[in-house]
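Listed features, source TrEMBL:
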type	residues	note
BINDING	Gly10, Ile11, Gly12, Lys13, Ser14, Thr15, Lys39, Asn180, Arg181	ATP binding site
BINDING	Ser14	Mg(2+) binding site
BINDING	Cys95, Cys129	[4Fe-4S] cluster binding site
Amino acid sequence: MKLAVYGKGGIGKSTTSCNISLALSRRGKKVLQIGCDPKHDSTFTLTGFMIPTIIDTLKSKDYHYEDVWPEDVIYQGYGGVDCVEAGGPPAGAGCGGYVVGETVKLLKELNAFYEYDIILFDVLGDVVCGGFAAPLNYSDYCIIVTDNGFDALFAANRICASVREKARTHPLRLAGLIGNRTNKRDLIEKYVEACPIPVLEVLPLIEDIRISRVKGKTLFEMAEIEKTITFICDYYLNIADQLLTEPEGVIPRELSDSNLFSLLSDFYLNPANNPSEQNSLHGDKDTSNNSFNKKLKKEENMEFFLV
């Protein structure tokens, strides 16, 4: 099974990807995670360091594929998850999609691409062109990481459009959405009602999820010492269990930009129509002064839509 994880930049895709990879490994699967970001930091929480990229390794070998060995590019991370970083061209130059293709080509030549039960592509940012969508060419399922906010769901809708387009020529389906670090899911539910998509899981707004990235550790590794966060691992194990059933998935029918904007803006501008009040325009935030924040949110929301 091959998975491609997408979502708005900064939404927590890499943290989510690493913990899903480890959860799948805990279920007895042989897992390879491929980082598709030129920053090559996708697998940092699995390995604890920035591993060399495929592109850097090929460059050092003068692009002689026959001189590259599996141990040159595949590094074992925590819990037995194997890790690869595709790398990419310098900022503002080249195409990241080409690099993904070269990575898959090399892994096939090393007889490594088909050795794994699960290959997970962790893909940078929103889908803005065919290059960003390249990992979908090799995937069985797409997973979208979002939060309960306007911007992340706008990005999710664009990714849905990309999945639908790729599904015309590839056996690709959308497995579902993962809500990351959010106390509420009402805006997510409003979106999936209009654009029917499974919701695999909604992860709570817990600081340990965010700081795990800084510590360079997965939640599973942290939980070995901090037993109080063991319950967080169950969320990722639940996602893994759903994926291992090989769900039917969906070919999404994304909303037009105008319809999506109308749907999401109505949610904020007409709170009386919604079952509960939102934390902020851009998703949940950790807050303490509720009355001040409610007033500030209302002013920010009106300013955003009037600009």
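Note: Cβ is positioned from N, Cα and C throughout, glycine not excepted.
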Just checking, which of Gly10, Gly12 (binding-site residues) has the fewest C-beta atoms within 10 Å of its C-beta?
Gly10
Can you give me the Cα-Cα distance between Cys95 ([4Fe-4S] cluster binding site) and Ser14 (ATP binding site) in Å, rounded to a whole number?
21
Counting Cβ atoms within 10 Å of each candidate's own Cβ, which of the binding-site residues Lys39, Arg181 comes out highest?
Arg181
Ser14 (ATP binding site), Cβ-centred 10 Å count of other Cβ atoms over all protein chains shown, is 24
If you count the other CB atoms within 10 A of the CB of Cys95 ([4Fe-4S] cluster binding site), including all protein chains displayed, you should get 15
What is the biggest Cα to Cα gap, in Å, among Gly10, Ile11, Gly12, Lys13, Ser14, Thr15, Lys39, Asn180, Arg181, the residues listed as binding ATP?
23
